[in-house]
Every structure is written in structure tokens, then in C-alpha cells.
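Asker: Residues annotated as domain 'MTTase N-terminal' in Swiss-Prot: 4-114. Taken from Swiss-Prot, the feature [4Fe-4S] cluster 1 binding site applies to Cys13, Cys49, Cys78. Feature annotation from Swiss-Prot assigns domain 'Radical SAM core' to 133-370; the stated evidence is sequence analysis. As annotated by Swiss-Prot, [4Fe-4S] cluster 2 binding site applies to Cys147, Cys151, Cys154. Annotation source Swiss-Prot lists domain 'TRAM' at 373-443, citing sequence analysis.
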Amino acid sequence: MKSPKVGFVSLGCPKALVDSERILTQLRTEGYQVASDYDGADLVVVNTCGFIESAVQESLDAIGEAMSENGRVIVTGCLGKDEDKIRQMHPNVLKVTGAAAYQDVMEAVHEYVPAPPRHNPFVDLVPEQGIRLTPKHYAYLKISEGCNHRCTFCIIPSMRGDLVSRPVGSVLEEAAALKRAGVKEVLVISQDTSAYGVDTKYKLDFWNGQPVKTKFYDMCEALGQLGIWVRLHYVYPYPHVDAVIDLMAQGKILPYLDIPFQHASPRILKLMKRPAHSENTLDRIKVWREKCPNLVIRSTFVVGFPGETEEDFQILLEWLKEAQLDRVGCFTYSPVEGATANDLPDHVSEEVKQERYERFMQVQQEISAARLQKRIGQTMTVLVDSLEDEYPVAVARSYADAPEIDGNVFVEDIDKSLVQPGQLLEVEITDADEYDLFAKLIQIKTA
């Protein structure tokens, strides 16, 4: 008897990607095969995103394509919170579940495509680290679900609930399993990484027979013992983050912080109801860089938030010039269905939003280009992601570059028979532009 096949479409952020990996791992553990196309699937699971309107539309389109090509579709993920919207467009989907509803998805799969009988998991082995949708050399490590904050532009808590931290022993064991599987870089993700453990009152757990608190610093310290790259994402600048900078300065974890500042005007931050908005971030960034001169800071910002005046925007630009952040993303404000910011007065016109976005990006491009120019002549360690098809070039990243959202280091004139994805290289930086670096190979690192 052939094993049933399940097709899978994964949309959205890295946190949703981890949800997809978990569902796929459970499917494979139970003996289901993963179909490579719609035609070969007994049903299709679509893991959706519902954060902004464009993501909602992409999710609805993906559901429609799966319905058209296959006809038997289970919908999960953040958009699943709005079942009425999904069924209004696609009334014949088999089942709709919410975000991180792993058991609900599996029950729906069991209902419509029963698991194969007499499946022996010891014969059809699933790798210890589970099924991964990322390249073999890096992986996302989700440490918690949900968020306790109620930012006015965000509906994540209504989709994923309040903060629920994973036991630290479970987090560390997963990270160790990833290392054993050959992963060179772990990217720590959640909705609010630096709040990790608050909901458990920093409960004591165990890993390798040693007591470890379910706490941001303690987790980072333990991850730093693994001897692989550890990159922190979605870190809010609470006061206790300062201690983690010491771990970066000691080389225990990558000196890289992804902090979503979102704005710099105190008035706009108050309207956004941002956590930690009262902290003097410029002074703290200065102290962080004194402690750890190699620190790279990435952030995201929103321009055109309801009520944003030209004065507020100028405060943001001046803050940006002083902060000298390394990596920055910017978005124009987009109303999200269900977000309380929609009810704020004085919405900014699309024309003004776009004009401010362009001014913002021009300022940041100059900052980014200047900071990257300083890298020329430096020796850096980079991790190879891929090789270019037509040229002897390795597409790599340094500690300063997260996959997909930051720049690359292009290592030129390599021998493709010697350089492979997942290898660490020692390189010399030879050139730079606004976002990327160019380098020549010094040596392939063996450890």
C-alpha cells in the first residue's frame, strides 16, 4: 500500500516557517509522504500569513491555487483566525485552524487522509532535528509563542495569544540536535525574544544535567557554549538586554542584534504603544558599542503612522543619523484589519507616506554604504549559502548578515570544486556598495 501524500505551502515569517517544519516533521513521523506538486497530493495544507493586507491577499491567492489545482485543502496559520474571510472566498476548504495549531492540523489530516497502517518509524526514519525548510547549514530556533504587548498596529496577539515560553531545556536540546545535524548557524526567533521566560517566572529547568533558568540571558549563555553561530532576532531593548552584549563581546554569540525600534518620535511611539519606548536608546546603543565595538544592529521602522507629522518624521531622520544603524528595513504604514491604530485620527496620505519612505531610505543608504566602506581591507569569516551558476563566485554572509533580510558577501574567483554551501571561509573584503560586500578567499576554515 502506498503511503498517503500531503502537499504543503508555507507562507509568512520565519516563525510561521518553524510551524510548517513542525507539522511536516509530525507528518513524516506518522508515515505520510510530502508531495512535490499538487497533482500528486492526497490533500494540501496551506500555512497562511495574516499580518498585513498584502500578506492576506497572498494567502487567499495561495488557497485559491491549491483549491484549483488539487481541491482538498486544509488551511492553518495566522489568517486561520478569520475563518469567515477564508470561507467567503473559498467555501469548500476542508478545514480551517489557527496559528501554531499543530494538533488541530494533524487531526484534520487524519480525518481526510488516514495515516498509513503498520507504519514503523524506525524503518522510515525522520532525522533527529526534524524536517527543515531552510538550507542544511542554518535553522530557525523558535523559543516562544505569542506576545504580551498590544502595539496598536499589530494583531499578532489576537492570532497567536499571549507569551508562552518553551522550557529552556527543550530549546537547548533542539539547538544541540541541530548542531549534531551539521547546522552552523541558529537564528533565535519569537515575537518578543528578550521577554523569554517572563510568563514562567523564569522557571528552573535542566539541560545536560545542569540547572538553567528559563530566562533570556541564561538561554543565550547556554547557546553560546555550542560553538556555532547564534543570531538573535526580534529583541526589544529592555534593560536586561545589556548583559547579553557582554556575551557578544566575549565571542559567545554573534555580535548582532535585531531590534524593531519602529520609530524615534516619543509621541508616535506612545501612539504605537511600543514596549520599552521610554528607554534612551541612543545612549544605550553608544554603551553597547563601547562594550562590543563589532556590534551590528539591524532594525525596522514604520513611516506614515497615523498622526505622524513632518516634525515627528524629522525626529526619526535625526535619530537615524545619530544611531548609525548597520541594517535597516522600512515600511509605509498599512492598516491591518482589527488593529486599533486604524481608529487613530489624522491618517497620512499615501503620497506623503511614499515621499517619507524615499527620504528615509536615502538617509539610511548613505549610512549603510559608509559603514560597509569601512569593512574594506578587513579579514572576516563568512558562511557560504550558495554558488553562482555562471561565475566562480560564492554567495556568503558574515556575522553582520542574517539570511534573506540583510546583504551578502560575494567571494570572487573561487574554485567551485573546493568551496561548497555550508562551509566557513576566511576572506578579505575588497569592495562594497550600499548593501553588499565583495571579497577574495584567503582560506577554507576546517572548524
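Even glycines carry a Cβ here, placed using N, Cα and C.
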Asker: Output, ordered by sequence, the same-chain residues six or more apart from Cys147 ([4Fe-4S] cluster 2 binding site) with a CB under 8 Å from its CB, or 'none'.
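Answerer: Set apart from Cys147 ([4Fe-4S] cluster 2 binding site) by at least 6 residues yet with Cβ under 8 Å, we have Cys154, Ile156, Pro157, Arg160, Asp162, Leu163, Gln191, Asp192, Ala195.
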Asker: How many Å separate the Cα atoms of Cys13 ([4Fe-4S] cluster 1 binding site) and Cys151 ([4Fe-4S] cluster 2 binding site)?
Answerer: 18
Asker: Could you measure between Cys78 ([4Fe-4S] cluster 1 binding site) and Cys151 ([4Fe-4S] cluster 2 binding site) for me? Cα positions, answer in whole angstrom.
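Answerer: A Cα-Cα distance of 17 Å.
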Asker: For Cys13 ([4Fe-4S] cluster 1 binding site), name the DSSP secondary structure in the helix/strand/coil scheme.
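Answerer: Its secondary structure by DSSP: coil.
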Asker: Find, among the binding-site residues listed as Cys13, Cys154, the one whose Cβ has the highest number of other Cβ atoms within 10 Å in the structure shown.
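Answerer: Top count of Cβ atoms within 10 Å goes to Cys154.
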Asker: Roughly how many Å separate the Cα of Cys49 ([4Fe-4S] cluster 1 binding site) from that of Cys151 ([4Fe-4S] cluster 2 binding site), to the nearest whole number?
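Answerer: Cα-Cα distance, Cys49 ([4Fe-4S] cluster 1 binding site) to Cys151 ([4Fe-4S] cluster 2 binding site): 18 Å.
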Asker: What is the one among the binding-site residues Cys49, Cys78, Cys151 whose Cβ has the most other Cβ atoms less than or equal to 10 Å away?
Answerer: Cys78
Asker: Through the lens of DSSP with three states only, how would you label Cys78 ([4Fe-4S] cluster 1 binding site)?
Answerer: helix
Asker: Taking the centroid of the Cβ atoms of Cys147, Cys151, Cys154 as the [4Fe-4S] cluster 2 site, which other residues of that chain lie with their Cβ within 8 Å of it, listed in sequence order?
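Answerer: Along the chain, the qualifying residues are His149, Arg150, Phe153, Ile155, Ile156, Pro157, Gln191.
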Asker: Tally of helix, strand and coil residues over the domain 'TRAM' (373-443) according to DSSP?
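Answerer: Summed over the domain 'TRAM' (373-443), the classes give 1 helix, 33 strand, 37 coil.
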Asker: Mean pLDDT for the domain 'TRAM' (373-443), as a whole number?
Answerer: 94
Asker: Work out, from DSSP, the number of helix, strand and coil residues along the domain 'MTTase N-terminal' (4-114).
Answerer: 55 helix, 21 strand, 35 coil
Asker: Taking 8 Å from the centroid of the Cβ atoms of Cys13, Cys49, Cys78 as the cut-off, which other residues in that chain fall inside it around the [4Fe-4S] cluster 1 site?
Answerer: Leu11, Gly12, Lys15, Ala16, Thr48, Gly50, Phe51, Ala55, Gly77, Leu79, Ala99
